[in-house]
Amino acid sequence: MTVFLQSLISGVLVGGVYALIGIGLTIIFGVMRVINFAHGDLLMVGMYLTFFAFTLLGIDPFLSVLLVMPAMFLLGAVLQRVFINRVLDALPQNQILLTIGLGLVMSNTAMLLFTSDYKILTTSYSSGAFQLLGLSISKPLGISFAITAALTAALYWFLIRTDTGQAIRATAQDREAAQLMGVNVRRMSVIATGLGAALAGTAGALISPTYYIYPQVGGAFTLKAFVIVVLGGMGSVIGATLGGIVIGATESLAAVYISSGLKELVVYVLFLLVLLFKPAGLLGKSRM
Amino acid sequence: MDATPSSPGRAVSAPALVAWLLVLAGLVALPRFLDSPYALHMMVLLFLSIIMGEAWNVLGGYTGQYSVGHAAYFGAGAYTTMMLMQFKQVPPWYGVFAGIAVALLLALVIGSITFRLRGPYFVLASIAMAEILRLIVLNWKDATNGAEGILATEVPPLKVGSYLVTDFSTKVPFYYGGLALAVAVILVNWAVQGSKLGYYFQAIREDQDAAHSLGIHLSLYKNVALAISAVFTAWAGAYYAVYVGFIDPAAALGIDVSVQIVLICIIGGIGTILGPMVGSLVLVPLSEALRSNLIAEGLFRIGLVSESSPTGQFLRENLAHAHALIYGVLVVVVILFMPDGVLGFVRHALARRRAA
């Protein structure tokens with residue numbers, strides 16, 4: 001029972017970060033109907049930013065979120081303005097291929113700049129743990145979950161309470177109607193991609209103390225982000241939150257009860273089952 | 001200009017036919033005049049790329065199903081052939097047909113699951129299926145050697161009865177094997193393009209619902225297109241594995257393989273016979289020139305960059321790893337500026353010139 005609870009808890013904690021990755025992807029998809037295949041590579045860029053902030057400037061990885069978020073927002077906004085904006089009316093497959101191309105450029109630029117060596121970010125608390133009701137919780141995972149929860153709450157507040165947030169939601173619901181109501185749809189697209197990139201980069205910063213950092217790390221996360229988003233229903237922020245936690249917990253339990261090598265396999269099989277039997281996702285047709 | 005690739009049907013003009021036959025005759029004669037192993041190697045890579053591109057074209061180009069999971073069939077062909085050869089001493093000549101059979105079976109399973117989905121969902125599901133296969137091969141160490149991969153220690157010669165056809169010790173049999181396969185898959189594309197089957201495929205590509213309402217059995221024809229595609233992709237996988245003599249899960253089943261197959265068509269032009277050939281002619285020499293540091297050497301030679309400068313050092317050390325970066329840049333450029341591929345771009349440019 002302890003093993004079960006222990007792995008469930010660490011799964012849920014990782015799931016919080018997954019949720020952040022998924023929310024970023026789902027916002028981009030919601031506003032522009034473009035699937036961002038470079039999402040994991042944005043996360044990778046966030047990891048490297050965090051790594052160099054730590055090794056060169058001595059900034060704690062969790063503190064570096066303050067730096068990574070605006071930097072990645074900017075990167076996302078530029079990507080939207082320069083590239084994605086031009087394919088908004090193109091065939092979906094061309095949009096997919098464009099973002100695959102952008103991802104290739106990012107990961108291979110990282111490889112040229114930083115080589116393909118694995119980098120590890122070790123902090124003083126990397127192997128530390130909190131004790132809670134007889135269960136031990138890894139410190140990096142616990143802190144990152146707390147930050148994730150705070151960020152997610154702030155994001156909900158932003159989307160629901162602020163004018164910009166409402167405009168984003170309106171654009172996601174119906175692009176044309178929003179435009180007729182005076183929403184600057186182009187600006188919302190830039191903000192959405194910026195926000196998506198910022199969330200992916202932040203997730204990268206938060207997991208950098210617990211994962212290897214290397215140029216190709218994004219691929220696995222791109223696919224994971226889709227699984228999360230599809231699980232929750234494309235375009236749904238609440239769905240992505242839930243999907244992230246479900247995937248985190250599933251992975252963690254599969255690693256303990258099946259085999260750590262097969263935990264991703266379990267996730268993909270789950271993904272296919274959802275696609276086949278509940279293609280609208282666990283939360284049905286809800287939108288953000 | 002219309003964005004969808006047009007299909008001229010099966011008609012081939014006499015001059016075009018003569019040109020094709022001349023090219024073919026030249027390619028058949030080429031190894032007599034060109035015995036540099038490096039040149040033959042380049043040609044083998046070119047054939048391989050054409051086979052994969054033309055195979056994908058049947059499903060992606062004519063039928064409009066953008067599979068980004070073709071590594072599954074490539075890997076099935078490569079792994080089945082190599083496992084039979086290395087662990088059961090089955091010559092690859094026979095092993096490849098087992099590989100094709102496995103790929104067909106796999107296509108049936110993958111098709112029945114993924115073809116129920118559309119657009120981005122189909123793309124995602126196709127990736128997931130290939131990833132599942134990669135993870136199985138990676139983890140089933142007893143059968144597949146896991147991440148270590150399989151190294152061919154000795155390729156059994158090809159014999160029919162007691163007659164030795166080839167012993168695979170030079171590159172020449174691979175050259176002719178690749179040429180034959182490339183010609184075969186090009187002919188299949190040509191046959192499909194002008195046939196009733198091909199029109200069904202194109203109807204599905206243009207509008208699934210309309211095609212369905214006209215009585216075209218969607219899943220049947222999608223599966224037929226996938227089967228044709230999978231056969232040649234698996235064949236290419238087996239050919240690659242035996243030629244290189246080594247495979248591992250990343251090289252045979254990784255998402256890079258799938259993306260590369262799609263790129264060949266995207267860059268050349270989708271839904272045309274010439275497209276994958278043009279794409280291969282662009283991609284293969286480019287990535288080989290980068291890999292073998294030809295471009296860095298060239299820059300030194302013409303004096304654009306000094307060999308001893310920091311930039312020169314950087315280029316020498318890194319340009320060889322840059323081919324994937326160049327792929328990425330190419331895709332971005334092609335999607336933004338030549339959405340119909342290099343072929344479509346050239347055609348439009350010619351048409352504009354004629355009009356002017």
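Using the three backbone atoms N, Cα and C, a Cβ is placed for every residue, glycine included.
All TrEMBL annotations are machine predictions without curation.
Quantities reported herein were computed from a predicted structural model and do not represent experimental measurements.
Of the listed segments A:141-159, A:160-178, TrEMBL assigns transmembrane segment to A:141-159.
Here the listed stretches are A:42-59, A:96-121, A:225-258, and the one with the most C-beta pairs under 8 angstroms to the transmembrane segment (A:190-213) is A:42-59. Of the recorded ranges A:12-35, A:42-59, A:96-121, A:141-159, A:265-284, the transmembrane segment (A:225-258) has the largest number of C-beta contacts under 8 angstroms with A:12-35. With Cβ pairs under 8 Å as the measure, the transmembrane segment (A:96-121) is packed most heavily against A:42-59, out of A:12-35, A:42-59, A:141-159, A:265-284.
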